[in-house]
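Visitor: Would you mind keeping the following structure in view while I ask a few things?
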Amino acid sequence: MPKHVALVMDGNGRWAEERGLPRTEGHKRGEAVLMDAVCGCIEMGVSWLSAYAFSTENWRRSPEEVRFLMGFNRDVIRRRRDEMNEMGVRVRWAGRRPRLWRSVIRELEVAEELTKHNTVMTLTMCVNYGGRAEIVDATREIARKAAAGEINPERITEATFARHLDEPDMPDVDLFLRPSGELRTSNFLLWQSAYAEFVFQEKLFPDFDRRDLWNACVEYAKRDRRYGGVRPLDAP
């Protein structure tokens with residue numbers, strides 16, 4: 001079973017448009033789908049779920065949709081934090097502060113504080129997040145420390161770099177799961193997904209449920225993860 005699942009919550013707008021509904025209706029349906037995925041992770045023993053809620057590229061969408069998504073993310077966190085706390089879920093946030101609504105930041109910080117001692121599983125809400133942005137920000141901070149004499153450039157390692165990412169204690173992604181039929185990472189957890197197994201599913205996210213998560217985990221279990229090594233020869 002994977003320890004860390006990265007979930008791209010994709011296809012909400014298309015789901016709504018196919019039904020003649022406003023794009024916002026697809027996002028609204030996605031709230032219950034995410035909670036079902038959290039419950040599925042707990043049932044299966046997945047200890048870390050990272051959900052791609054709003055990317056650094058999503059600012060390019062219409063002002064109306066951006067405003068909706070900002071308010072929606074804020075309200076989902078507010079509505080669901082007590083429920084997640086009761087379930088033993090620790091909520092974390094990965095993403096950039098600049099441009100993000102202060103009200104969204106406030107709700108994320110309240111949820112983090114409320115749930116910080118929970119140990120059943122960790123849900124990372126990736127809001128105003130981009131994999132390249134995260135790498136640039138980490139590089140900038142390491143360069144600043146090196147210039148200040150706080151870090152010896154000759155001793156910078158992968159572990160040093162990882163400690164400067166948004167969530168330093170986040171484990172590497174085991175299973176990268178994307179519904180919607182799209183076959184790309186969309187700039188999500190690039191560093192952490194270096195050796196992830198990728199599973200792409202045709203369903204749009206509003207139609208996704210824990211059975212699809214289970215099927216993805218079954219597919220993951222069939223994979224031979226070699227991390228750059230070779231398959232050992234069968235014993236004689």
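Start at 1 and count along the chain as shown; that gives each residue its number.
Yeah, the Cβs are placed from backbone N, Cα and C, and that goes for glycine too.
Computed from a predicted structure; not experimentally measured.
What TrEMBL shows for this protein is this:
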- Asp10: active site (ACT_SITE)
- Asn58: active site, proton acceptor (ACT_SITE)
- Asp10, Glu197: Mg(2+) binding site (BINDING)
- 11-15, Arg23, His27, 55-57, Trp59, Arg61, Arg178, 184-186: substrate binding site (BINDING)
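Burial and contacts for the listed features, if you can.
Guide: Look at Asp10 (active site): DSSP puts it in coil.
Its own atom aside, the Cβ of Asn58 (active site, proton acceptor) has 17 Cβ atoms within 10 angstroms in the protein chains shown.
Using a 10 Å radius centred on the Cβ of Glu197 (Mg(2+) binding site) and all shown protein chains, the other Cβ atoms total 19.
DSSP gives Trp15 (substrate binding site) a helix state. The Cβ of Trp15 (substrate binding site) has 23 other Cβ atoms within 10 Å, all protein chains considered.
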Visitor: Do any residues at least six apart in sequence from His27 (substrate binding site), in the same chain, have a Cβ closer than 8 Å to its Cβ, and if so which, in order?
Guide: Asn12, Gly13, Ala16, Phe68, Leu69, Phe72
Visitor: Around Arg178 (substrate binding site), how many other C-beta atoms are within 10 angstroms of its C-beta?
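Guide: Neighbour count, Cβ to Cβ under the 10 Å cut-off: 24.
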Visitor: Tally every other Cβ atom lying within 10 Å of the Cβ atom of Gly13 (substrate binding site).
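Guide: Taking every protein chain into account, the count is 20.
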